[in-house]
């Protein structure tokens, strides 16, 4: 499935039905009064969060969503039927903004949560409303009003408690694969992961915690370089970050600095988010090299790294123990 996490759509509420001019036509009532009914109201457009959806792909080819119009009024003061609600399903974690102003209209995070984004127009009035002492046979009626129409920006931000970050090829996908049932694409070259991967990791209680493997950042990601800018938004909701550094890289300390700089440049409080530092691929270094590199990383970041090997399954239990402690999970 193609992963789409941004979409622009236009929503339009239904037009209100017209009122009508009509008069009573009954036997033995030669001068029946006005009986024109009101038009029905136009239907609204409603967004609803659906936990079964994982992407905004449905909005790639359809951009205009219009609710049903109200029906015109009828004789005998019958009100026309109102237009039905148009309910549009979106993934949980979808932010909705007005496209022109950027104003946040809603953040749909819980399954079944709804947000009305365009109201339908009011139905017109029938001539029965205009009966007066001066005018016993009014022919005046009003037309229904147009519904609201708005351009919207939809942004999906994944609902994960733990985000796994790091430069390309640091081993993030391998880590989420061994910790959970996720099966991301894994290969020994940069940018293997082109979309965020979600995995559920079991807590000691048996409940699940969602981890997200975020595609590799590079220098300048916060300004749009590489893939990072497109996916940094997905760690905005996380409670904890796992920063993975490749022990076999040419300059692990420099790699650490790059990611920290990008988190700070992106903003949204990411640089201050609780974070665990993980030195992955420890099998690539000699035993005497690990302490030296660990000390360098701690001096730069202020965090003591945990040395692991995701590929060989080393120290993963210790990593999870630290995760649960940071999250306050028993």
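Backbone N, Cα and C define each Cβ position, glycine as well.
The domain 'Obg' annotation in Swiss-Prot covers 1-159. The domain 'OBG-type G' annotation in Swiss-Prot covers 160-328 and is backed by sequence analysis. According to Swiss-Prot, the feature ATP binding site maps to 166-173, 191-195, 213-216, 280-283, 309-311, an assignment based on sequence analysis. Among the features that Swiss-Prot reports, Mg(2+) binding site is placed at 173, 193, with the record citing sequence analysis.
A Cα-Cα distance of 11 Å separates residue 195 (ATP binding site) from residue 173 (Mg(2+) binding site). Confidence for the domain 'Obg' (1-159), expressed as mean pLDDT, is 93. Residue 173 (Mg(2+) binding site) sits 9 Å from residue 215 (ATP binding site), taking the C-alpha atoms as the reference points. Of all the binding-site residues listed (173, 309), 173 sits in the most crowded Cβ setting, with the most other Cβ atoms within 10 Å. Residue 309 (ATP binding site) falls within a strand segment according to DSSP.
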